[in-house]
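Enquirer: Below are the features I grabbed from TrEMBL:
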type: DOMAIN; residues: 9-153; note: domain 'Flavodoxin-like'
type: BINDING; residues: T15, Q16, T17, G18, N19, A20, S62, T63, T64, G65, D135; note: FMN binding site
type: DOMAIN; residues: 226-468; note: domain 'FAD-binding FR-type'
type: BINDING; residues: R375, R405, A406, F407, S408, G439, L440, C441, S442, W627; note: FAD binding site
type: BINDING; residues: T481, S547, R548, K553, V554, Y555, V556, Q557, D589; note: NADP(+) binding site
Amino acid sequence: MKAKQPKALLILYATQTGNAMDAAERIGREAERRGCSVTILSMDEYDASSLVGEVAVIFVVSTTGQGDTPDSMKVFWRFLLQRNLSKNWIEGMRYAVFGLGDSGYQKYNFAAKKLDKRLSDLGAVALIERGLGDDQHPSGYEGALDPWMSSLWRMLNKIYPNFFPNGPDHVESEMRLLDQQKVEVRYHDISNVDSQFSVDDDLNSRENSIELACSMSLAKFSSKKRPSCFLKMIKNQLLTKAGSGKDVRHFEFEFVSSAIKYEVGDVLEVLPSQKPAVVNAFMQRCNLNPESFITVHPRKQENDIYNTDLYAQRTPIKLKTFVELAMDVSSASPRRYFFEVMSYFATAEHEKERLQYFASPEGRDDLYQYNQKERRTVLEVLEDFPSVQMPFEWLVQLVPPLKTRAFSISSSVSAYPNQVHLTVNVVSWRTPFKRQRYGLCSSWLANLNPHESTIVPVWFQKGSLPPPPPLEPLILIGPGTGCAPFCGFIQERSIQSQSSKVAPAMLFFGCRNEDADFLYRDFWYLHSQGGGVLSEANGGGFFAAFSRDQPQKVYVQHKMRENSRRVWDLLSKGASVYVAGSSTKMPSDVLDAFEEIVSKEGGLPRESAVRWIRALERAGKYHVEAWS
């Protein structure tokens, strides 16, 4: 029976940081170059019930956290998990899944694997085997994407020949690219611009500017608009020993605008400021007038989902302010497509050839070494190719958006009613070519002077660590800055203990050296003595692992095993487990330690111990918040 021939290829993506959106758009561009009509949507823009009428769908999904689906996929995924959907609900639909993940994580590409299995369970048939992009690959996720796309085109052409009128190997002239801008930038007469948007020295104006810039940004994966509030730093304290090779800070902030009622375990997202000198250099390199007033509008295209009437009423924003707030020109590396578009605007032949090579499959590995491995910024790349003059419309489309950075809150509002505290590792590293790099947000915060009134725009969000009830025993594992949320937990439980009964808490902390990076030493010891929340006398405990203070490295999981009886006692009493810290090996090592403890102290076979811990997870009593 001949397959039903769809008019357009539907591509659905779910992204947390923008990589899956980039991959989806690349698949869409490559399909269009072969003559195929394409519709690209984020999963939160698509009604999952419509899958029953689809013929061919490509899914591009990233995995976030510990095997979690991106926020934009959660509603879509919940719909697919409904029990009333039959095994042949989407029978006849063909699909392909490409996942983006990092094999350094325990649940590598888990979201893509789950989606692939569920679609198959519901009756859909895979066009080709799922593709799994890996950040650990020398070329990043594109190392798997290129060969996966080649297989996809061949299979699509075999089943749906109308997609590619001239076959999957016929690629149209790429000069058509220059007519495919997604945005239009309109310039406005300054005399007609509302004066309130020409000053940036008051909170209301700053708030309006951020909302304007975010609303005009193409970063569809970000829902950030108006900040929750503004903060002012009142304390900037170095927690680590000078010269130790680590720079961890304790920051305290006060609310400048109205205070927000947050809970322990919540996350604070901070919008960093870019260095004025870098922004000015970018404006000069691109021949932009910083004093111009602009509005940014999506160009009307086929299959357009935008409400153009809504965009027509936009308030102009100063061009320099838009760059400062919406375009990351000083820390993020541009995508591969950026180099491809640059090649069309290069007037020097040697630059054009190099850019074309970088954009080709043959140059993929070299581009990854030049760009991602070295973490070259947009400004640095533009300076390396001086003959390129890209129109501002293309820059708005292709420069990575300036993103908020998320930090676990390390305070309790009960202990500090008008404050928010953060524990931040100031990120710095050397690239393979020995270039010094710094994290944009952490270094900006570290350089803030509490005596100056710099305002910090922030958003409060729920994290992966729900606030525990006072009568629930706690086992907390927080090496390094992973201890941050547990400062808030212990502060809150200590206050609760003054007026009512509370359950015991046990904390396992880890760092390299006791005298160099033992974060909040006095705080932990205070609460582990004299009947405190962490005291062994109350059934809790505080245990620190110093990995480099002896020839044999000691980590938190070793301390857990040393105290396996205590750990089991709390687990037996209904304790909840909270794990926070580095996302590489630590969460899986801690999970292994728990399974071993349950097996040993509970007298269970290892397989039964594994099921015991899984049941804890399903009951919502095993929480992990990890970051790379």
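Along the chain as shown, residues are numbered 1 onward.
A Cβ is built for glycine as well, from the same backbone N, Cα and C atoms used for every other residue.
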Enquirer: What is the total of other Cβ atoms whose distance to the Cβ of R375 (FAD binding site) is within 10 Å?
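Expert: Summing over all protein chains shown, R375 (FAD binding site) has 14 other Cβ atoms within 10 Å.
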Enquirer: What average pLDDT is reported by the model for the domain 'Flavodoxin-like' (9-153)?
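Expert: The predicted confidence over the domain 'Flavodoxin-like' (9-153), as a mean pLDDT, is 92.
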Enquirer: Which of the binding-site residues S62, D135, R375, S408, S442 has its Cα nearest to the Cα of V554 (NADP(+) binding site)?
Expert: S408
Enquirer: Measuring Cα to Cα, tell me the gap between D589 (NADP(+) binding site) and T64 (FMN binding site) in whole angstrom.
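Expert: D589 (NADP(+) binding site) and T64 (FMN binding site) have their Cα atoms 19 Å apart.
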Enquirer: Would you mind checking how many other C-beta atoms are within 10 angstroms of the C-beta on T17 (FMN binding site)?
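Expert: The answer is 15.
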Enquirer: Could you tell me the maximum Cα-Cα distance in Å between the residues recorded as binding NADP(+), namely T481, S547, R548, K553, V554, Y555, V556, Q557, D589, rounded to a whole number?
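Expert: Roughly 19 Å, rounded to the nearest whole number.
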Enquirer: So how many other Cβ atoms are close to S442 (FAD binding site), meaning within 10 Å of its Cβ?
Expert: 22
Enquirer: Starting from the Cβ of T64 (FMN binding site), draw a 10 Å sphere and report how many other Cβ atoms land inside it.
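Expert: For T64 (FMN binding site), the 10 Å Cβ neighbour count is 21.
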Enquirer: Test of understanding: give the count of other CB atoms lying within 10 angstroms of the CB of A406 (FAD binding site).
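Expert: Here the count is 15.
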Enquirer: Determine the Cβ neighbour count for D589 (NADP(+) binding site): the number of other Cβ atoms within 10 Å of its Cβ.
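Expert: Excluding its own Cβ, the number within 10 Å is 16.
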Enquirer: Could you tally the C-beta atoms, other than its own, that fall within 10 angstroms of the C-beta of N19 (FMN binding site)?
Expert: 19
Enquirer: Listed FMN-binding residues T15, Q16, T17, G18, N19, A20, S62, T63, T64, G65, D135 - what's their greatest C-alpha to C-alpha distance in Å?
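Expert: Of all Cα pairs among the recorded FMN binders, the widest measures 15 Å.
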Enquirer: What span in Å does the FAD site cover, taken as the longest CA to CA distance among R375, R405, A406, F407, S408, G439, L440, C441, S442, W627?
Expert: 25
Enquirer: Output, ordered by sequence, the same-chain residues six or more apart from R548 (NADP(+) binding site) with a CB under 8 Å from its CB, or 'none'.
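Expert: Result: R512, N513.
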Enquirer: Would you mind ranking the binding-site residues L440, V554, V556 by how many other Cβ atoms sit within 10 Å of each Cβ and giving me the lowest?
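Expert: Each of the binding-site residues L440, V554, V556 was scored by Cβ atoms within 10 Å; lowest is V554.
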Enquirer: How many other Cβ atoms sit within 10 Å of the Cβ of S62 (FMN binding site)?
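Expert: Other Cβ atoms found within 10 Å: 30.
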Enquirer: In whole Å, how far does the CA atom of S408 (FAD binding site) lie from that of D135 (FMN binding site)?
Expert: 24
